[in-house]
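Asks: The structure that follows is given in the form of structure tokens.
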Amino acid sequence: MGAFTEKQEALVSSSFEAFKANIPQYSVVFYNSILEKAPAAKDLFSFLANGVDPTNPKLTGHAEKLFALVRDSAGQLKTNGTVVADAALVSIHAQKAVTDPQFVVVKEALLKTIKEAVGGNWSDELSSAWEVAYDELAAAIKKA
């Protein structure tokens, strides 16, 4: 991978703001997308026990945290050229034995959600910036 550019970081940051503009709606898009592709993922998220409920603060809080982590990864990539995952984040993913295919499902759901959040501003360049930031975060979680 080449250096993560200032433009890529700006694309991720600005589209994150579009996501934040309606977290309840986009949280539903995100988790429904995950559950459509991998219904068993419901067991990985305690707050999905009763389905996808946009009024559940744990659901919206987790979605916001995950998208913020990817945004922060973009910042780390721009500044340091690498992503360092938080030890607690690494621990929970190891404890739940999250697999490579599950990381892919989350990535696809993340991209679908951002695409919906930004509407007509979606582009290959925007998609690529989110993909790189997510992939580097996932790699940091898996290798730690």
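Glycine residues also receive a Cβ, built from the backbone N, Cα and C atoms like all the rest.
Annotations for this protein, taken from Swiss-Prot, read as follows:
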BINDING   S46, K65, H93, K96  heme b binding site
BINDING   H62  O2 binding site
DOMAIN    3-144  domain 'Globin'
MOD_RES   G2  N-acetylglycine
MOD_RES   Y26  nitrated tyrosine
MOD_RES   Y31  nitrated tyrosine
MOD_RES   S46  phosphoserine
MOD_RES   Y134  nitrated tyrosine
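Situate these features within the shown structure.
Replies: Reduced to three states, the DSSP call for K65 (heme b binding site) is helix.
For H62 (O2 binding site), applying a Cβ distance below 8 Å and a minimum sequence separation of six or more within one chain yields F45, F47.
The residues of the domain 'Globin' (3-144), classed with DSSP into helix (H, G, I), strand (E, B) and coil, number 114 helix, 0 strand, 28 coil.
Y26 (nitrated tyrosine) counts 23 other C-beta atoms within 10 Å of its own C-beta, drawing on all protein chains shown.
Under a cutoff of 8 A between CB atoms, and with a sequence separation of 6+ in the same chain, the neighbours of Y31 (nitrated tyrosine) are F45, L48, V52, L59, A63, A109.
S46 (heme b binding site) is surrounded by 9 other CB atoms, counting those within 10 A of its CB over all protein chains shown.
Sequence-distant neighbours of Y134 (nitrated tyrosine) (same chain, 6+ residues apart, CB-CB distance under 8 A): V70, S73, V106, K107, L110.
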Asks: Among K65, H93, K96, all listed as binding-site residues, which has the most CB atoms within 10 Å of its CB?
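Replies: Answer by Cβ density within 10 Å: H93.
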Asks: Please report how many Å separate the Cα atom of K65 (heme b binding site) from that of Y26 (nitrated tyrosine), as a whole number.
Replies: 13
